[in-house]
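Undergrad: As annotated in Swiss-Prot:
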- Ser97: phosphoserine (MOD_RES)
- Lys173: N6-acetyllysine (MOD_RES)
- 259-369: repeat '1' (REPEAT)
- 259-589: region '3 X 112 AA tandem repeats' (REGION)
- Ser260: phosphoserine (MOD_RES)
- Ser272: phosphoserine (MOD_RES)
- Ser290: phosphoserine (MOD_RES)
- Ser346: phosphoserine (MOD_RES)
- 370-479: repeat '2' (REPEAT)
- Ser434: phosphoserine (MOD_RES)
- Tyr537: phosphotyrosine (MOD_RES)
- Thr672: phosphothreonine (MOD_RES)
- Ser809: phosphoserine (MOD_RES)
- Tyr822: phosphotyrosine (MOD_RES)
- 836-878: region 'Linker (Pro-rich)' (REGION)
- 857-887: region 'Disordered' (REGION)
- 860-876: compositional bias 'Pro residues' (COMPBIAS)
- 879-1066: region 'C-terminal tail' (REGION)
- 935-978: region 'Facilitates phospholipid membrane insertion' (REGION)
- 1052-1066: region 'Facilitates phospholipid membrane insertion' (REGION)
- Tyr1065: phosphotyrosine (MOD_RES)
Amino acid sequence: MPVFHTRTIESILEPVAQQISHLVIMHEEGEVDGKAIPDLTAPVAAVQAAVSNLVRVGKETVQTTEDQILKRDMPPAFIKVENACTKLVQAAQMLQSDPYSVPARDYLIDGSRGILSGTSDLLLTFDEAEVRKIIRVCKGILEYLTVAEVVETMEDLVTYTKNLGPGMTKMAKMIDERQQELTHQEHRVMLVNSMNTVKELLPVLISAMKIFVTTKNSKNQGIEEALKNRNFTVGKMSAEINEIIRVLQLTSWDEDAWASKDTEAMKRALASIDSKLNQAKGWLRDPNASPGDAGEQAIRQILDEAGKVGELCAGKERREILGTCKMLGQMTDQVADLRARGQGASPVAMQKAQQVSQGLDVLTAKVENAARKLEAMTNSKQSIAKKIDAAQNWLADPNGGPEGEEQIRGALAEARKIAELCDDPKERDDILRSLGEIAALTSKLGDLRRQGKGDSPEARALAKQVATALQNLQTKTNRAVANSRPAKAAVHLEGKIEQAQRWIDNPTVDDRGVGQAAIRGLVAEGHRLANVMMGPYRQDLLAKCDRVDQLAAQLADLAARGEGESPQARALASQLQDSLKDLKTQMQEAMTQEVSDVFSDTTTPIKLLAVAATAPPDAPNREEVFDERAANFENHSGRLGATAEKAAAVGAANKSTVEGIQASVKTARELTPQVISAARILLRNPGNQAAYEHFETMKNQWIDNVEKMTGLVDEAIDTKSLLDASEEAIKKDLDKCKVAMANIQPQMLVAGATSIARRANRILLVAKREVENSEDPKFREAVKAASDELSKTISPMVMDAKAVAGNISDPGLQKSFLDSGYRILGAVAKVREAFQPQEPDFPPPPPDLEQLRLTDELAPPKPPLPEGEVPPPRPPPPEEKDEEFPEQKAGEVINQPMMMAARQLHDEARKWSSKGNDIIAAAKRMALLMAEMSRLVRGGSGTKRALIQCAKDIAKASDEVTRLAKEVAKQCTDKRIRTNLLQVCERIPTISTQLKILSTVKATMLGRTNISDEESEQATEMLVHNAQNLMQSVKETVREAEAASIKIRTDAGFTLRWVRKTPWYQ
C-alpha cells in the first residue's frame, strides 16, 4: 500500500495517481459501457518514461551504496514496477489492434495498480535508506554521550566539548531538514521538540561535567550530587535522541506514544503511593489524629493516584482497582466523620481505620500488578522492534553470522510473552501460529547459510519471506498490546464532552467504549479536584461526580439490554446531559480558583533556596534552613505540576496546549531534584565559582520551564474567570488583614499583604501576555492603561503594610493601609472590565421627552385599503439544501467508520447557517460527499469513476475550506487563535491529496477477483483512516474559524456570517 509521509513521495505519487485514474476510468468505460478504449500509446509512454527514470536512478544508487538493506529491498521493487510497466505497454499495443479486447483491459487495470504500488515501494525503500543515514549520526552521538562518564579532568572536558559540538550540529541540521520534509504535523512537532530539548540540555551537560570534574579534583564535598546531575543530563539527552530515532522511523500515526506515557504515569503513581503510605497508616493508627490533617490528605492522594492507574487498565483489572478506591474513600469519610464528632477511639472507628489500612495494602498490590503487566507488554513490544531491526540487517546480508538467528529467536520469545498476557484467545493463537511459521523458515535459512548457500536464489527468497513474516508479527503484537488497553478518551475537556455527548445521543451505537471512557475521565478529574477542597465544597463536587457516574451506568445498562432508544433511556440521557453540564461548570470554577491560588507566586521558593544555598559558612542552622527550604521548594514544584495537570484536563485548552502542559510538568518533575542537588553542591562548596554557575544554570532552566508552564496554563483557562477568581481572593486577603489588625497580629497582616501583592503582580503578568497576544489597538490600549494603573497601586500598599505592621494599633496607619488595599481592588476591577468591553444597549434607549413636539394639527386620514385585492402571503424562507444528512437505507452496504466521520462533521457544520458563510457551506458539502464515498468504497453502488470523482470533489471543497480559513486567519487580531487556525487548516491539503491517491488505489481493486482480501482490506483501512483525519481537521477548522471571526479586524473587507441554527441558550 502507498505511504506518503514525506513531501517528496507525495509529490511523485500524485501525478502518477492522476495518470492512473484516467486509465482506470477508461477501463471501466470499456468494461461497463462497452465503449472502445482509445489509443493509449501516448499516456502509457509518459507513465513508462517517468517510472523508467525512477528505476534508473534506483539502480545507480544500488550500485554505489554500502547499505545492505537497500541492496536487498530495491530489486523486488524494480521488478514490480517493470512488470507493471510491461503490462501497461502490452495493454496499449493490444488495444491498438482491438479496442474492445478483454485481456487488454485486465492488463490495463492490473498494470495500473502495479505501477502505483511498485512506485510507492521504490520511494519508501529510498526514504528508509535516507532515514538510516540520520539514525547512524544519532547513534554516533548516543555512543559519544556515554564517554561523558570517563571525563575526569579539565583537559578531557575541553577535548570532549570540541568533539561533541560538530556532531551535534550535523544531527541538528539533518533533523531540521527531515522535519521540513515530513507531511505528518505531529511527527514534525515531536522531532522539533526533542531536538530543542537536546540543544537546551547541551550547556547543562557541560556545566554538570565541569562541576563534577571540579569537585572530584579538589576533593570537595558534593561529588555524589555532581554525579547525579551529570548522569541525569546524559540520561535525559539519550532518552530524547532515542525518541528522535523512534519518530524518524514512523510512517503513519504514532502507535507507541500512549504506551510510554501510561507506563510512566503508572510508575509515578506507584512512587507517590509508596511515599504517602506510612503517613496515611500513621493517621489511621492514631485515634486522636485530626480529620483533614496531612495524614488524611495522604490517604486521599493515594486513592487519587490508584484511581489514575485504574483508568489506564481494562476489564476486570480496572473494575477491581476503581471499586477498591471508591470503597476505601467512603470508609475514610466515615472514619473522619467519627473523629470530627470525638468518637475516634470508639470500637467502630478503630475497626474502620484498621480496615482502611488493610485495604490500602490490597490496593497497592493491585496497582503494582497492573503496572508490572503493562510494563512487561510494553518492554516486550519495544524489545521486538529492536530485535527485528537487527534481524533485518542479518537477513539482508547473505554472509551474516549466527547472531542474526539469535535476534530472531529473541524476538519470538518476546512475542510469546505478549501472547501469554493476551486476554483475547483468538489474538493469542494468531501470534503463536506466526511464531511456529517464522521459526521453521529461519531454521531452513540458517541451514542454507551454514552450507555456504546464503547467496542462492532459494536463500534470498527465504530471507525476504522471513523479513515479511517478522513485519507481520510485529503488527500483530502491536495490535495485541493496543487492544489490552482501555478505549482512550480525548486529552482535553471539550473533546471528552463531545465524545460523551455523542454516546449519550446514541447509546446503542458501538463506539468501542470511548463515550463512557470520556465520562469516566471527567468524573475522575472531578474526584481529583475535590480531594484538595474542604468541607461542603468537596462533598458537593463529589455528589455531582457520583450523580454523573450513576446516570451513565444506568444508561449503559439500558443500552446493553437493547433499550437504548426507549423513553426511559431518553429521559436518563437528558438528565445525564444536564448533570454533565453542572459538573463541568463546577469543575472549571474549582480549577480556576486553584490556579489563582497556586500560581499566584511561582518563583519565591526557588529564590529562597538560592539564598539558603549561598548562606555564609558561619550562618546559624545553615544545614537545617537549607533542608527546610529544599523540602518547601520540592512541595511547591509538586503543587504547580498537579495544578497544571488539572488545568490541562479541565480547562478550555486544545490538544497542543494540553500536551505542552504535560511536557512542561514532566520536565519540572525531572528538574526539581536536580536543582536541589545543584543547590546542595553550592551549599557544601561556598565561594566556588563553578558550583555557583552550575546552580544558576539549573535554576534558570527550572524557572524558564515554569514560566512556559504558567503561560500554557493561562491559555488553558478563561482569562476573565481567572481575573474574577483573583479579585475574589484579594478581597478575602483584605478581610484577613482586617482580622489581623483587630487581633494585633502583625505577622498575619504581612502574610495577607504579601499575598495581595503577589496576586496583583500575577494579574499584571496575565494582562501583559494578553496585550502581547493581541493586535487590536483598542483592546491593547484599554488593557495597558488599566494595567499601568494597577501597577502604580502595588508599591504604596506594600509600604503601608510595612508601616502598620510596625505599629499595628495606629488607626491612621490602619486606614491608610485599607485605603491602599481598596485602591488595588478598584484597579483590578478596571483590568477585568478591560477584558469585557461594555456592549451597546439593545434595544437603544428612547429619545429624550424634550425632543417631542406636540401640535394642534390633526394627523392626515388613513388611506383606504385596496378593494378586491388580497395581499399575497409572505414566501417561506428558502431551505438550505445541505441540511439533511442521508440516512442508511435497509440492506445498503457502507463503510460505517467513514459514514460516522462524515456525520460528525455535518453535525458540527449544521450548528451554523451556510448563508453568507462559505466555510460552513463547503464543510457541509464535504460531509455529504464523504457519506457518498462511504457507499462507493465498499463497491456496493457506483463505479470506479464515481469513487475517483468523489475524491476529487472532496479535495476541491477541501481547498476552498483551506483558502477561506487562511483569509480569516489573516484578518484575526488574536495571535494565538490565528496560529491554531493555521496549524489546523494547513493539514487539510496534504490529507486531501492523499485521499485522491488512496481512492485511485482502491478504484483499481473494485470488482477484481485476483486481489487478496487482506490487500483489499488494507487499502480500505488506509482510506478510512485518511477520511477520518480529513473530517476531523475540517471540523477543528470550522471551530477555530468561528473563534477567529470574533477577533476579526474592524477594517477587514473579508467577513463570514456566523448565525447559529440552534441558539446556544436553547
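Note that Cβ sites are derived from N, Cα and C of the backbone, with glycine treated the same way.
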Undergrad: Any idea which of the modified residues Ser97, Ser346, Ser434 has the thinnest Cβ neighbourhood at 10 Å?
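TA: If we count Cβ atoms within 10 Å for the modified residues Ser97, Ser346, Ser434, the smallest count is at Ser97.
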Undergrad: Please give the average pLDDT for the region '3 X 112 AA tandem repeats' (259-589) in this predicted model.
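TA: Mean pLDDT, the region '3 X 112 AA tandem repeats' (259-589): 86.
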Undergrad: So if I draw a 10 Å sphere around the Cβ of Ser272 (phosphoserine), how many other Cβ atoms end up inside it?
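TA: A 10 Å sphere around the Cβ of Ser272 (phosphoserine) contains 18 other Cβ atoms.
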Undergrad: Select one residue from Ser290, Thr672, Ser809: among these modified residues, choose the one with the most other Cβ atoms within 10 Å of its Cβ.
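TA: That would be Thr672, with the most Cβ atoms nearby.
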Undergrad: Please tell me which one of the modified residues listed here (Ser346, Tyr537, Thr672, Ser809) sits closest to Ser272 (phosphoserine), measuring Cα to Cα?
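TA: Out of the listed candidates, the nearest Cα belongs to Thr672.
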Undergrad: With DSSP helix as H/G/I and strand as E/B, how many residues of the region 'Facilitates phospholipid membrane insertion' (935-978) fall in helix, strand and coil?
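TA: So the region 'Facilitates phospholipid membrane insertion' (935-978) is made up of 34 helix, 2 strand, 8 coil.
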Undergrad: Select the closest residue to Ser346 (phosphoserine) from the following modified residues, measuring between CA atoms: Ser97, Ser434, Thr672, Ser809, Tyr822.
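TA: Nearest in space to Ser346 (phosphoserine), counting only the modified residues, is Thr672.
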Undergrad: Taking Cα atoms as reference points, rank the modified residues Ser290, Ser434, Ser809, Tyr822 by distance from Ser97 (phosphoserine) and give the first.
TA: Ser434
Undergrad: Under 8 Å between C-beta atoms and at least six apart in sequence, can you list the same-chain neighbours of Lys173 (N6-acetyllysine), or say none if there are none?
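TA: Looking at Cβ-Cβ distances below 8 Å from Lys173 (N6-acetyllysine), excluding near sequence neighbours, one finds none.
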Undergrad: According to DSSP, collapsed to three classes, what secondary structure does Ser809 (phosphoserine) have?
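TA: Reduced to three states, the DSSP call for Ser809 (phosphoserine) is coil.
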Undergrad: Between Thr672 (phosphothreonine) and Ser809 (phosphoserine), how many Å separate their Cα atoms?
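TA: A Cα-Cα distance of 43 Å.
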Undergrad: Which ones in the same chain are close to Tyr822 (phosphotyrosine), with CB under 8 Å and 6+ residues apart in sequence?
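TA: Tyr822 (phosphotyrosine) has long-range Cβ partners Leu734.
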Undergrad: Fill in the CA-CA distance, Ser434 (phosphoserine) to Tyr537 (phosphotyrosine), as an integer in Å.
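TA: Cα to Cα, Ser434 (phosphoserine) and Tyr537 (phosphotyrosine) are separated by 57 Å.
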Undergrad: So how many other Cβ atoms are close to Tyr537 (phosphotyrosine), meaning within 10 Å of its Cβ?
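TA: By my count, 15.
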